[in-house]
Amino acid sequence: MRIFAGIIFTACCHLLRAFTITAPKDLYVVEYGSNVTMECRFPVERELDLLALVVYWEKEDEQVIQFVAGEEDLKPQHSNFRGRASLPKDQLLKGNAALQITDVKLQDAGVYCCIISYGGADYKRITLKVNAPYRKINQRISVDPATSEHELICQAEGYPEAEVIWTNSDHQPVSGKRSVTTSRTEGMLLNVTSSLRVNATANDVFYCTFWRSQPGQNHTAELIIPELPATHPPQNRTHWVLLGSILLFLIVVSTVLLFLRKQVRMLDVEKCGVEDTSSKNRNDTQFEET
């Protein structure tokens, strides 16, 4: 803020009270990941002399934009705003030192100071708030086989913290065992997971609502208890598997028996052939002796 103090001191010394800058809005509320343009207007009587214009945008102790000698000086710019903050020159020519920030982060929230020197000096403070609605709600339903209870789970990311409210199809609060866990993402968003254990039947409807006090910031997901899968198909499959195993066993046994029977027959034939040969040899011997 040394620059700010120097400009104000210069203005006071020269008593240039006629130079006044205006801010159409002193509060901007934007969504995480969106773009924002914060306006800071100053008087331009004739054609703007860019070389005589000095503009500073600061956020607390962080340098956001520095415009001197007719161009932006990025050297002192804080790393948090590198590549995301700019001061459109076409707006400067209209007397509007508009600060544009793209892909707004949670850490961008805070109080900004617009300081302008152009024949005189003045400043304005502008507040930026960042919200991240819990729009994308992931859900899951599971059944505890031991207790037959259904566990309903809703998970979403956002900022600031939201309360998770569970209701039934009549939008009445639901009693049951609940738990909530909260963690931080890399982008500093809050990762909120809420679970509810209830006794329910198929087609029962439940709602989980990520509730915040601001209007239009509430988001709801619907969970419908699914029907239990039919038990017949698994039993039928078991029967078919068992029957197939039995048939395969019988085929293998039959094949083995046929093979063994064939081997026995071949042995019998070979045995008969040997016996016939032996008998013939004996008969030939007896004939020779005679």
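Every residue gets a Cβ built from N, Cα and C, even glycine.
Among the candidates CYS40, CYS208, the disulfide partner that Swiss-Prot records for CYS114 is CYS40. When Swiss-Prot is consulted, the disulfide partner of CYS154, picked from CYS113, CYS208, turns out to be CYS208. Between the listed residues ASN218, ASN283, Swiss-Prot assigns N-linked glycosylation site to ASN218, with no corresponding entry for the rest in that record. Ranked by Cα separation from CYS40 (disulfide bond), the recorded positions CYS154, ASN191, ASN199, ASN218 are led by ASN218.
There are 10 other CB atoms within 10 A of the CB of ASN199 (N-linked glycosylation site), with all protein chains counted. A mean pLDDT of 95 is what the model gives for the domain 'Ig-like V-type' (19-127). Residue counts for the domain 'Ig-like V-type' (19-127) by DSSP state, with H, G and I taken as helix and E and B as strand, are 13 helix, 46 strand, 50 coil.
As a summary of secondary structure, the domain 'Ig-like C2-type' (133-224) carries 0 helix, 53 strand, 39 coil according to DSSP. CYS208 (disulfide bond) has ASN218 as its nearest neighbour among the glycosylation sites ASN35, ASN191, ASN199, ASN218, going by CA to CA distance.
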